[in-house]
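The next block holds one structure in the form of structure tokens; read it before the comments.
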Amino acid sequence: MSLAFCGNENNSVAYNVDGGVLNNGCFLDALNVVPHVFLLFITFPILFIGWGSQSSKVHIHHSTWLHFPGHNLRWLLTFVLLFILVCEIAEGIVSDGFSQSLHLHLYMPAGLAFMAGITSIIYYHNIETSNFPKLLLALLIYWVLAFIMKTIKFAKYTEHGIGPRQLRYCITGLLVLLYGLLLAVEINVILGRRYMCFADPTEVKPPEDLQDLGVRFLQPFVNLLSKATYWWMNTFITSAHRRPIDLKVIGKLPIAMRALTNYMKLRKAFEDQKVSGTAPQGPKLIWQALRKAFGRPLMLSITFRFMADLLGFAGPLCISGIVHHISKDNRTIQQPMSLLGIYFISSKEFLENAYVLAVLLFLALLLQRTFLQASYYVAIETGINLRGAIQTKIYNKIMRLCTSNMSMGELTVAQICNLVAIDTNQLMWFFFLLPNLWAMPVQIIVGVILLYYLLGISALIGATVIAVLAPVQYFVATKLSQTQKSTLEYSSERLKKTNELLRGIKLLKLYAWEHIFCDSVEETRGKELTSLQAFALYTSISIFMNAAIPIAAVLTTFVVHVHISEDADLSPAVAFASLSLFHILVTPLFLLSSVVRSTVKALVSVQKLSEFFSSDEIGDEQEPRAMLTSGSSNHNQNRYQAVVSSGINSGYFTWTDGPPTLSNVDIRIPFGKLTMIVGQVGCGKSSLLLAALGEMQRVSGTVTWNRRVTSFLSLQGENSTVLKRGAVAYASQKPWLLNATVVENITFEMPMIKSRYKAVIEACSLQPDIDILPQGDQTEIGERGIILSGGQKQRISVARSLYQQTNLVFLDDPFSALDIHLSDHLMQDGILKLLREEKRTVVLVTHKLQYLPHADWIIAMKDGTIQTEGTLKDIQNCEPELFEQWKILMHRQDQDFEKAASMTDLERKNLRRAMYSREAVRTEEDEEEESLESDDDDNMSQVMRQRATIPWRSCGTYLSSAGVLLLSLLLLSQLLKHSLMVAIDYWLAHWTSQVIEAKINATARNCTVAQACGFSHSWYLSIFSVLCCLGIILCLATSVAVEWTGLKVAKELHQQLLHKIVLAPMRLFETTPLGSILNRFSTDTNTIDQHVPTTLECLSRSTLLCVSALGVISYVTPVFLIALLPLAVTCYFIQKYFRMASRDLQQLEDSTQLPLLSHFSETVEGLTTIRALRYEPRFRQRLLQYTDANNIASLFLTAANRWLEVRMEYIGACVVLVAAVASITNCLYNHLSTGLVGLGLTYALMVSNYMNWMVRNLADMEVQLGSVKRINGLLKTEPENYEGLLTVTQVPDGWPRQGEIKIQNLSVRYDTTLKPVLKNVNAHINPGQKVGICGRTGSGKSSFSLAFFRMVDMFEGRIVIDDIDIAKLPLQTLRSRLSIILQDPILFSGTIRFNLDPEMKATDEMLWEALDIAQLKPVVKSLPGGLDAAVTEGGENFSQGQRQLFCLARAFVRKSSILIMDEATASIDMATESILQKVVMTAFADRTVVTIAHRVHTILNADLVIVMKRGIILEYDRPEALLEKEDSVFTSFVRADK
């Protein structure tokens, strides 16, 4: 076949120019080549030179921001133009198929136009990025030429009577229109930018976001193609491979997406609602405001979704068309009409070409996927913006909340945190799923109509099956969420028990009670597992239904279809098109349950939000009020009146709507002086301060705030103006700290002044505490940092008030948690010195009456009213009885001062202990880190390599926990199920091909109906039904197997973990933070319980589906395998890059959420302090930063997911194209059966979905296997050696009877890697001796006591008790025969009986006797239930002293002949301590008692004293003997203690 531009048939019509050149069709086409050639020649050199030079000069963000006018329109028009040009090329090729020689002119001009179209947009893009609009001249000329040429061609066609019946006529008309529009866009650019024909071109500035190089989120700024394919994310995602993604890498949010911008939008919407007059109330108001603020982007998302769904139906229709046309018996098509010397075809003929349909299908798929991802993206972005706006609104509301709501328990911190953490997220998800609500009905209606068109009435029956099963799915979904709730209750109970077990682990080990508590946790875990079984059952039902519904629907449809009509048209075209349609129909029904659930949750959340937004706020004090005062309160205060700082006049204040808490309050607070407020507990002292700060609801009266010098008229006079209150430094009774460093807590956003800071630290005696902390005053404290004691917190809180430079300082009982020495120091150095020198007005609420003489002004309160006010002298004169009463109290407090023991030392000691164990861990970690850091470069690449690999080992651990039987069942059922699925579809293909052959035979043999020629559907149908039923059964089997495996593994892993932890040596708990062990039991166990099984199921299912689909396509058309290789490689790299970026972004999203939530809870707790200091703006600012950080992580995560999906969908579309073209060719030339073509195409359509799911599940799986890995890490810990050389039976029953202890050459260390803490200690303790051990902190006293219980590593020497070496005993036996009282009293939640005797061995008499000895009998008797009275968690319902006494009783119940007291009296007051001493002397008279002393005077009457230093014994003698030596260390200790 020869090649010529106009073809070379013998008839010379092609070259005939008799009727003028323009009437020759070929010449018209030749004319159309001119503009395209012109553009290609002109632009290539410019692009070439431009690309070479622009790389370095252009500003980085230029490529994104500069959009010429009509930018988006131009991209859209160019896309449409390219699509129509593809159609024109295809039309040319198809119509050329009818002539003998090749007519190049039918498709070559269109091909050139296609190239020119692509060139035009590339050229435009480059000009736009380099901002050089003059070069657009070339495009202007091109559009003009192209428009003119096409118009000439169109006019000639019309002239020759070619009309809309011919496809080429329509295409030419459309092209004229498009070129015209593009020309208009080009002219618009000239008018907009005035770069030619105008004297002054316009200056263009980038948007302010992009002047700031911190913005890396470019989605709003890039061009349309990059927006649709997320092209700008490429560099971002690939760079994750080189270094982990953190907040620095992702930069800031664009202005339009910041929380503040969105909050303003939302606020405006709310205000507009209120202005309109007919404002709806409650939740409706919120919905309408949300609609107004965020409705438009949602409409856009819904529109995209509609378009995607409608394009989705192109798949089944094209398959139907392709299969239908290649299965036509006679492939002859009538000759097309010839005009102007060339052939024209109609659009019907064009669409009957299978290849054309394949290309159209490919394009439809690309478009559909792009629209779908765009819809998702817009919806999620809107959801994230909305979440930011609502969180900001909640925060602003918190700032104005009435504190009474909090104190009366109407709102708790937890509720507010739930609003932020849960409800805003519910709303976000609702907005994300909202487009589905609109799209589902459309999808279902269109799908059913198409099915009806293909199959008739039987389609409706199949659709009914789906519809009937949808409510069942909804029911299962609701059941699922219910079981999840009950599981949650059990798991929180289990966590509570685990928490207690871990907190008291030392005591449990010392008393050998681990197994009791372990069993109790196991029991709760059992209940939780029962609940999890229900959860697993419903999950498996839901998985089963998802798989089985389409099979059932297809089965019923085909059965009915064959039975209804005698001559049923069951061709492959119909069968496979309807199969694809069923797959499309099932999707909205899966989503239905989650969308409905999400909607319900969103409605509830909005209800909660509306209640919260309508709760009470505090009043504004801005507007001046006229002041009315009675002149009565003007007796003896003349000398203070000139400098009054603030006052309250006849004020009535209340917290709630009931009677006022404070009534008839008339007070003055003198300026620059110290005012003290005193009174009984609960008489309204704190309320008075809060009333002055405006925190209470004012019923009547006034509060005045005056600046420095104003005459007293301001209180009485009518013409005064009320000044707005300035900042007040306020220290509340319950200290409030930020989650920040010590410095940040004290300076509190004020500039750091070294000298001032030092003075404040000194006044609050914080230096010793700071020295203990690992990083000094840069140590994090608060919830996430180091836990401080009450006194330490209080001192930091007071230090903050001292440091602030406000005129007024309100201190609310700052001495409550401090011991007497510290209180005095704070009073003298802090209040009297620091604050007085600065002439600051101080109001101090206190119970310590001994400070009254320092006060300049005293306010005494009683029952919410002012009893009296004045100086101490005034009160002595006016209220002598009150003064006497005070005097007695002062005297008593001074006596306390004599006795008071230093609590502070103890607090510091505890802190030091906590730090010591942390330090030990830290040094170990540091050593490891140092060894790692040396090879830093290799290290980085190694870390990267580790990040790139999937933790297969954890996967192995997970699966191996399930056991061989379950695993083989799991694998077998999965493989069988997928083989069956393929078999069902293959049989359908075989059956339908047979139908067609039967028809052909029927026409050959002239039977009217196929059945008459002996063809029967029934055999095929019965096999089809059997396969389908088997498929449904296997679906159930696999889903049950997966969940069953999950349950077994969850059970196994938790059991192993619990046993390992309980039997682990103490060292583990001292070096591992409790929180991280608890996390293994909470989040990680939860992940393994609920998430891993489903992810595993999804992953295996999508992988197998993918493999089976590709297998089927390759079987149908083996050529496909060649194309598969490059696609597979691309896929591999995409998923590899995506997984790393996705994991980093997920972690980033989680880690940015924590500070946000804790900022909310901090603010709620410290509201009064923040408001008193007038710091609201600063805290709002910080909130915005946290919200934006969290939102940008979420946005990047979304964009990354879309990036992956778009790429996978495009690869899927390529698979469809290759499969379609290959199978059509195969069918036309190698006579492949049409049924198999349908089968191949149906599978090809599904591939992209499966691939997406596969990669997403891989990424999820990787994150979730982290939990298995962490738990596995803990499972490797070596347990303590519980076995002894002697068996339990060999140990004498009453051992130890005497209680004789011989310590021989004992050396002890905490761990094989650490230095010894006791070195070669020798001692001999006779039966019944009372021994005291003393020494400074860290001298090894406690290690000495732990050695008796083998809690530490005894690597030398031995301890012999009653002639048995304790190293030979089983641990359980040894520990159960000795008793110890620890320094920290530990009680467990449960009953008193359980606390004294968890083993339930003792009788009631024994328990009462023990309580009597410990002086607790009256206390317990008075409690409801006596011995069965409840003890709350940690024993919070008893005082510290009582708790210590309970521990004593516990030791007594155990009647062992050796008792060890480890600093047991450290945390109790003198009185209780003397009781304890007496008890020990009497009750334990005949037993051996070893006391480790905190205060030396407690061991003065011991039989033997051991003084230790650095792990060795310094002195060992009777106390009297040691005291006689003047220079003995013991003597110096005793002196120091006095």
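Each residue, glycine too, has its Cβ placed from N, Cα and C.
Nobody curates TrEMBL annotations by hand; they come from automatic prediction.
Residues or ranges marked as compositional bias 'Acidic residues' in TrEMBL: 924-939.
The domain 'ABC transmembrane type-1' annotation in TrEMBL covers 300-601 (among others).
Per TrEMBL, the feature domain 'ABC transporter' maps to 638-888 (among others).
Feature annotation from TrEMBL assigns domain 'ABC transmembrane type-1' to 969-1262 (among others).
Per TrEMBL, domain 'ABC transporter' is recorded for 1301-1535 (among others).
According to TrEMBL, the feature region 'Disordered' maps to 917-940.
Taken from TrEMBL, the feature transmembrane segment covers 73-94 (among others). Outside the transmembrane segment (73-94), and at least 6 residues removed from its termini, the chain residues within Cβ reach (under 8 Å) are 103, 106-107, 110-111, 113-114, 117-118, 120-121, 124, 167-168, 171, 174-175, 178-179, 181-182, 185, 223-225, 345, 349-350, 353, 355-356, 359, 363.
Remote same-chain partners of the transmembrane segment (106-124), defined as residues 6 or more beyond its termini with a Cβ less than 8 Å from a stretch Cβ, comprise 5, 29-30, 32-33, 35-37, 39-40, 43-44, 46-47, 74-75, 78, 81-82, 85-86, 88-89, 92-93, 95-96, 136, 138-139, 142, 146, 342. Annotation comment: TrEMBL describes 106-124 (among others) as transmembrane segment.
Feature annotation from TrEMBL assigns transmembrane segment to 136-154 (among others).
The feature transmembrane segment is assigned by TrEMBL to 166-185 (among others).
Annotated transmembrane segment per TrEMBL: 306-327 (among others), in sequence order.
TrEMBL lists 350-367 (among others) with the feature transmembrane segment.
For 429-453 (among others), the entry in TrEMBL reads transmembrane segment. Long-range Cβ contacts of the transmembrane segment (429-453) within its own chain (Cβ-Cβ under 8 Å, at least 6 residues beyond either end) map to 294, 298, 301-302, 304-306, 309-310, 312-313, 316-317, 375-376, 379-380, 382-383, 386, 459-460, 462-463, 557, 578, 581-582, 584-585, 587-588, 591-592, 594-595, 598-599, 601-602.
The annotation transmembrane segment is assigned in TrEMBL to 459-477 (among others).
Per TrEMBL, transmembrane segment is recorded for 535-564 (among others).
Sequence-distant contacts of the transmembrane segment (570-592) (same chain, at least 6 residues past either end, Cβ-Cβ under 8 Å): 312-313, 315-317, 319-321, 323-324, 327, 433, 436, 439-440, 443-444, 447-448, 450-451, 454-455, 459, 462-463, 466-467, 469-470, 473-474, 546, 549-550, 553-554, 557-558, 561-562, 985, 988-989, 991-993, 995-996, 1017, 1234-1235, 1237-1239, 1241-1242, 1245-1246. The feature transmembrane segment is assigned by TrEMBL to 570-592 (among others).
In this chain, the transmembrane segment (166-185) lies apart from the transmembrane segment (306-327): fewer than three C-beta pairs between them fall below 8 angstroms, excluding pairs fewer than 6 positions apart.
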